[in-house]
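Engineer: Before I ask anything, let me first share the structure, which is written out below as C-alpha cells.
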C-alpha cells in the first residue's frame, strides 16, 4: 500500500510504503471505541464558549453586572498571602 500525503518536514517525502494490514491498523487508531465520547470542538469553538459569548452579546445593552469582591482574596498580608486568600491554606 502506498500512502500519499503532504511533504513531511523531516523525512522530505510525501509517501510511505506499508503492508495493507499495517496501514489499516494505523488508520483504525483514529476511530473511537464504541460508546467513547468524541470531542470535536474545544476552546473557543466549544458549545459552552459560544453560548457564553452569545449571552454576553445579548446582555451588552442591559444593566452592567455587579461583581462582588471576595473579602478573603484581598491583598492584606495578614490573611496568609494569595493561597490563604483563596482558602487553600
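Including glycine, each Cβ sits where the backbone N, Cα and C put it.
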Engineer: Among 8-48, 49-89, where does TrEMBL put the label region 'Disordered'?
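Structural biologist: Going through 8-48, 49-89 one by one, TrEMBL flags 49-89 as region 'Disordered'.
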Engineer: Can you give me the average pLDDT across the domain 'Transposase IS801/IS1294' (2-49), rounded to a whole number?
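Structural biologist: Per the prediction, mean pLDDT sits at 88 for the domain 'Transposase IS801/IS1294' (2-49).
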